[in-house]
């Protein structure tokens, strides 16, 4: 079985993916990791990918999906697709690639969270720069305010998590992903999970397991 996760930053996709990997034997496909490997191996696609990145340009869909296709040749089962596809064009290319391999996306899980909740979740995040553990000023407070429980390091907020930048990220995500939700919602296996302020990660995970 292959699963795709759709949801805005702060929707809990990462937490859900971790639980599915740990408890259900899935593997997560990271486009970023795949690109870095192709670049390090200096493959033709990797060289082309590096050229676009070095020029500060977006990597075209044909390059990104070419790298994904190479990975799928030997890995096309028990996968979690998160962060790919990002566009409708990528979704169609991915579907074609999987058909060639006699594989498919079995379930598309869309975690739908109101924008005001996302804003509060993300802008309230604090990170330990040493151990990378994440905290939250409301829902996951450290024992000592502003200090990591593990190593006593002062917690920081990532620049991208500032409220004004979060709003920009959420707007960009909405514009980018709305067509994907529309594309998949009429296909078999689409799961729509509404996550409100009171929904826990365990409740989302339980609902997903019940639908798989």
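Don't overthink the numbers, they just go from 1 along the chain as shown.
Cβ coordinates come from backbone N, Cα and C, glycine included.
The feature ATP binding site is assigned by Swiss-Prot to 10, 11, 12, 13, 14, 15, 125, 134, 135, 198, with sequence analysis given as support. The Cβ neighbour count for residue 10 (ATP binding site), using a 10 Å radius over every protein chain in view, is 24.
Long-range contacts of the region 'NMP' (30-59) within its own chain (CB-CB distance under 8 A, at least 6 residues past either end) are made by residues 66-68, 70-71, 82-84. Taken from Swiss-Prot, the feature region 'NMP' applies to 30-59.
Annotation source Swiss-Prot lists AMP binding site at 31, 36, 57, 58, 59, 90, 158, 169, citing sequence analysis. In the three-state DSSP reading, residue 90 (AMP binding site) counts as helix. If you take the C-beta of residue 90 (AMP binding site) and look for same-chain residues 6 or more apart in sequence within under 8 angstroms, you find 61, 64, 65, 84.
Mean pLDDT of the predicted structure over the region 'LID' (124-161): 91. The feature region 'LID' is assigned by Swiss-Prot to 124-161.
Less than 8 angstroms from the CB of residue 128 (Zn(2+) binding site) sit 134, 135, 148, 150, 151, 153, 155, 156, each of them six or more residues away in the same chain. Annotated Zn(2+) binding site per Swiss-Prot: 128, 131, 148, 151, in sequence order.
Counting same-chain residues at least six beyond the ends of the region 'LID' (124-161), those with a Cβ under 8 angstroms from any Cβ of the stretch are 169. Annotation note: residue 128 (Zn(2+) binding site) sits in a coil segment as assigned by DSSP.
Residue 10 (ATP binding site) is 20 Å away from residue 131 (Zn(2+) binding site) when you measure Cα to Cα. Candidate binding-site residues: 58, 59, 158. Nearest to residue 125 (ATP binding site) by Cα distance: 158. Around the Cβ of residue 169 (AMP binding site), 17 further Cβ atoms fall within 10 Å across all displayed protein chains.
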